[in-house]
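Some features that TrEMBL has for this protein:
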- 1-30: compositional bias 'Basic and acidic residues' (COMPBIAS)
- 514-532: compositional bias 'Basic and acidic residues' (COMPBIAS)
- 48-481: domain 'Major facilitator superfamily (MFS) profile' (DOMAIN)
- 1-37: region 'Disordered' (REGION)
- 511-532: region 'Disordered' (REGION)
- 53-69: transmembrane segment (TRANSMEM)
- 136-153: transmembrane segment (TRANSMEM)
- 197-223: transmembrane segment (TRANSMEM)
- 229-248: transmembrane segment (TRANSMEM)
- 290-310: transmembrane segment (TRANSMEM)
- 330-354: transmembrane segment (TRANSMEM)
- 366-385: transmembrane segment (TRANSMEM)
- 391-411: transmembrane segment (TRANSMEM)
- 423-446: transmembrane segment (TRANSMEM)
- 458-476: transmembrane segment (TRANSMEM)
């Protein structure tokens, strides 16, 4: 029987499994051109930027641009609903859209985008198991930006229904962004850094309003409202071009990653045990899990407030007599506070976990309780205020604490199950999308007369929703990995049924072709996998039955026997 090393040499494949591998790193000791057919990779010299940070930065920039693009319509509708809009813009920007929309129509235009999210978020969780997540992520950003270019033409020259259809399609594209984003970060983050990395990405999303509101207000004031859409979409297209050349699905696929960083990621993450061909999702366990419901309620509350601010904050501040440019600038101030606190929350969470005796559950509940609890309080306080300066201060405090909760409930998906994180994100994002669909409709209904009494009703409802969510999370939330997170057959080695004959389990290491099989999207080459399977001795029928019985002692015996089998042949 061929040894493991002979299999590697004969098939010219690279071992990506960090558990069952030769003692030395093949990437640094490959002398047969296994990696690229010519030469081995060496550690970079000089200034080296860790590739996981580069990927995180690019994902964060994408989230910022997407959310900045979402503010475009929110600023444009001020020029439609405010009868004094022409007095609030400059001479060049005075040519405003000539349409006759009412608050209910504007509310539905905001909502229809999130209706598109509902259609695609759950399917997106399945697509993340079929397609490389980095490609799905980039494709969604590109499609949304192209559709954004069409919006000014549709608003001014086509019908309201056509504009709604474009927004619906835009929402369907953006609905897949979060599952794909979490799928990318699953491979490019390690547990001890996950709080900082995820908070950096969410900071990008939150900073979109910081960029979008002032930019949209100033461009509309001085240049023209249509250019807001063109500039936002153009920035996203430029980002996509950079992403195509810099992003890879996994660290082992990146041609420029250092050996040290690859080894660090491999050891910290453990073995890549996700088998996309035979992935079994424990739907019943997930859908009956109270910790999952706790996350879903928090996501519902988060999206309710976030979309309320993203789509209606400029219209609310417009009640206090600011010009369009001033409204854009002032509307960004609460989001600046939120962004800074979001970035800080990652360091707070990682520090509490790494340097104190607090458990993961305690840290998640502490940050969620403080963040969402203070947000709920500030929303109720807004109902007592009637001057613009006080409103901006309270909004800044409330949204600032809102950012603190990011490293609480919003990273909790990874705690429950890293393996199924995209599934969990898709489910909770769908709940959040339902809120995003409802809140513009509710706001449009309450604010028909455009007075403070209507806005106060909006804040009463919003504060109550956030309070219910935080109480539920404090009771049922947890940072403990759930029993359904990993199937019984996942030991510390990959064990599967023979995909050809469905015979007893065979023990093997996951191999990948020299260039990660670019023609197959970076996933395993099926032919190579099958050839490798037939070069490894199958386990016995008794061992196979032991695995199926899921007995812990017997499984440990299987693991030991399997290791001896491989070591004896190497």
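In case you wondered, yes, glycine gets a Cβ from its N, Cα and C as well.
These figures come from a predicted structure and were not determined experimentally.
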Non-local residues, at least 6 beyond the ends, that sit with Cβ under 8 Å of the transmembrane segment (423-446): 103-104, 106-111, 113-115, 117-118, 121-122, 124-125, 175, 178-179, 182, 281, 286-287, 292, 295-304, 306-308, 311-312, 413, 416-417, 454-455, 457-458, 461-462, 465
Long-range neighbours of the transmembrane segment (197-223), counting only residues six or more past its ends (CB under 8 A): 52, 56-57, 59-72, 74-76, 79, 88-90, 92-93, 181, 185, 188-189, 231-232, 309-310, 313-314, 323-329, 331-332, 335-336, 338-339, 342-347, 349, 403, 406-407, 410-411, 414
Most Cβ pairs under 8 Å with the transmembrane segment (136-153), selected from 229-248, 290-310, 391-411: 229-248
Arithmetic mean of per-residue pLDDT over the domain 'Major facilitator superfamily (MFS) profile' (48-481): 84
Other parts of the chain folded back onto the transmembrane segment (391-411), taken as Cβ under 8 Å at six or more residues beyond its ends: 194-195, 198-199, 202-203, 206, 294-295, 298-299, 302, 305, 309, 313, 316-317, 320, 330, 333-346, 348-349, 363-375, 377-379, 381-382, 385, 473, 477
